[in-house]
Amino acid sequence: MQTSFSPATRLGRRALLFPLCLVLFEFAAYIANDMIQPGMLAVVAEFNASVEWVPTSMTAYLAGGMFLQWLLGPLSDRRGRRPVMLAGVAFFVVTCLAILLVNSIEQFIAMRFLQGIGLCFIGAVGYATIQESFEEAVCIKITALMANVALIAPLLGPLAGAALIHVAPWQTMFVLFAVLGAISFAGLWRAMPETASLKGEKLSVANMWRDYKQVLANRRFLCGSLALGFASLPLLAWIAQSPVILISGEQLSTFEYGILQVPIFGALIIGNLTLARLSGKTSIPQLIRYGAGPMIVGLMIAAGSTLYSSHAYLWMTAGLSLYAFGIGLANAGLVRLTLFASDISKGTVSAAMGMISMMIFTLGIELAKVAYLWGDSRGFNLFNLMSGLLWLGLVMVFIRRQPEAVATE
């Protein structure tokens with residue numbers, strides 16, 4: 001049964017309530033990763049495990065974020081966005097409380113995987129609903145502004161985690177994540193609209209396979225989805241590996257480690273604010289081009305400085321900050337163009353985008369760990385530069401294949 005929903009053309013107070021509730025859950029899910037990373041050294045010490053488990057916590061979390069996306073997009077298309085999203089938020093709250101019962105590093109990592117499943121619902125269900133609820137110019141502004149709120153997590157997470165671990169056990173963090181998730185659940189219950197276009201239709205494996213096959217056969221969609229993954233990989237690799245690089249490698253304190261996150265994620269927020277200001281005045285492809293220069297130059301600075309001296313962590317931070325500004329400027333527009341590169345229902349398209357990105361993140365973070373173990377910060381930053389160059393090549397192909405109407409709007 002086809003259903004229709006008229007996208008909002010402006011941001012009233014009522015229209016904003018849903019994205020604010022969604023971004024609170026996104027914040028909880030992200031800070032559940034970023035805040036625990038500086039505390040992972042305490043976790044591995046409690047379980048008598050090696051520091052090699054530190055980035056594995058994030059790998060498991062992102063692997064969980066890939067696990068069910070293939071199902072949740074089509075499921076929410078046919079069963080409704082609201083019930084699927086609410087079930088995901090509730091599951092996240094339960095798993096955050098369940099981790100308090102673990103007694104080994106293996107159990108901890110397994111529970112991190114289950115918590116990561118909450119990420120599936122943000123992309124495959126939540127953001128699909130956002131894209132369907134608002135017209136393009138409004139949607140890009142919302143996406144950019146939501147990204148700023150969500151990015152408070154990696155900005156404040158390392159600082160808050162480093163501070164909290166000195167005064168309370170790491171388990172306290174997961175109680176906080178559960179409380180944030182519960183508040184988000186209450187808000188989404190009240191405010192989330194139902195935008196599913198195929199609600200009431202039968203969910204079948206054959207139909208799912210047909211839809212995914214059609215989406216993945218779209219070369220422009222593939223270029224955009226792969227580009228989105230490689231764009232964010234250096235940032236996520238930094239979040240995962242920076243406790244080892246800065247605290248274990250450079251012998252910095254947890255407070256100094258947290259301070260060095262501020263310019264990187266502050267630049268990311270500035271990039272998103274710049275995007276919100278330019279949106280509607282500049283074409284989306286041009287915004288992506290504006291972001292490309294800072295991204296590649298920043299990654300080159302980070303790689304070049306550490307090739308000169310493996311302890312040049314301040315220059316590395318400066319380079320990653322410039323890169324972060326570029327990704328803040330380019331990413332939201334690329335998400336929008338990629339999502340609408342296919343005519344298949346947006347739950348399925350969003351799920352496919354999420355699976356491709358999460359696969360790149362999961363494998364890439366482990367490869368970044370290997371690069372660091374093999375070549376210290378030199379290998380790590382060369383890996384990030386390779387990721388940025390792959391993004392650049394894919395984006396060039398993506399923009400070249402775009403419809404004429406998009407190129408000139």
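Quick reminder: no glycine exception, Cβ is built from N, Cα and C everywhere.
As recorded in Swiss-Prot, the features of this protein are as follows:
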- 1-15: topological domain 'Cytoplasmic' (TOPO_DOM)
- 16-36: transmembrane segment (TRANSMEM)
- 37-52: topological domain 'Periplasmic' (TOPO_DOM)
- 53-73: transmembrane segment (TRANSMEM)
- 74-82: topological domain 'Cytoplasmic' (TOPO_DOM)
- 83-103: transmembrane segment (TRANSMEM)
- 104-107: topological domain 'Periplasmic' (TOPO_DOM)
- 108-128: transmembrane segment (TRANSMEM)
- 129-144: topological domain 'Cytoplasmic' (TOPO_DOM)
- 145-165: transmembrane segment (TRANSMEM)
- 169-189: transmembrane segment (TRANSMEM)
- 190-226: topological domain 'Cytoplasmic' (TOPO_DOM)
- 227-247: transmembrane segment (TRANSMEM)
- 248-254: topological domain 'Periplasmic' (TOPO_DOM)
- 255-275: transmembrane segment (TRANSMEM)
- 276-286: topological domain 'Cytoplasmic' (TOPO_DOM)
- 287-307: transmembrane segment (TRANSMEM)
- 308-314: topological domain 'Periplasmic' (TOPO_DOM)
- 315-335: transmembrane segment (TRANSMEM)
- 336-347: topological domain 'Cytoplasmic' (TOPO_DOM)
- 348-368: transmembrane segment (TRANSMEM)
- 369-378: topological domain 'Periplasmic' (TOPO_DOM)
- 379-399: transmembrane segment (TRANSMEM)
- 400-409: topological domain 'Cytoplasmic' (TOPO_DOM)
Composition by DSSP (helix, strand, coil) of residues within the topological domain 'Cytoplasmic' (276-286): 6 helix, 2 strand, 3 coil
Proximity verdict for the transmembrane segment (108-128) and the transmembrane segment (379-399), three or more C-beta pairs under 8 Å: no
Cβ contacts under 8 Å made by the topological domain 'Cytoplasmic' (74-82) with residues that lie 6+ beyond its boundaries: 124-125, 128-129, 188, 192-203, 207-208, 211, 345-348, 351
Intrachain residues whose Cβ lies under 8 Å of the transmembrane segment (287-307), provided they are six or more past its termini: 231, 234, 271, 275, 278-279, 315-316, 318-331, 333-334, 377-378, 380-382, 384-385, 387-389, 391-392, 395, 399
For the transmembrane segment (16-36), sequence-distant contacts whose Cβ falls under 8 Å of one of its Cβ atoms, 6 or more beyond its ends: 43, 57-58, 61, 89, 92, 96, 115, 118-119, 122, 126, 129-130, 133, 142, 146, 149-150, 152-154, 156-158, 160-161, 164, 170, 173-174, 177, 180-181, 183-185, 187-188, 190-193, 239
Most Cβ pairs under 8 Å with the transmembrane segment (169-189), selected from 53-73, 83-103, 227-247, 315-335: 83-103
Candidate ranges 83-103, 227-247, 315-335, 348-368 - greatest C-beta contact count to the transmembrane segment (53-73) (under 8 angstroms): 348-368
Stretch among 83-103, 227-247, 348-368 sharing the most Cβ pairs under 8 Å with the transmembrane segment (315-335): 227-247
Same-chain residue ranges lying at least 6 outside the topological domain 'Periplasmic' (37-52) that approach it to Cβ under 8 Å: 58, 104-105, 108, 157-158, 161-162, 164-165, 170, 173, 239-240, 242-244, 247-248, 254, 257-258, 369
For the topological domain 'Periplasmic' (37-52), residues assigned helix / strand / coil by DSSP: 7 helix, 0 strand, 9 coil
Residue numbers, six or more beyond the limits of the topological domain 'Cytoplasmic' (190-226), whose CB comes under 8 Å of its CB atoms: 1-5, 14, 17-18, 21-22, 70-71, 74-82, 85-86, 128-129, 132-133, 334, 337-338, 341-342, 344-349, 352-353, 356-357, 360, 390, 394-395, 397-398, 401-402
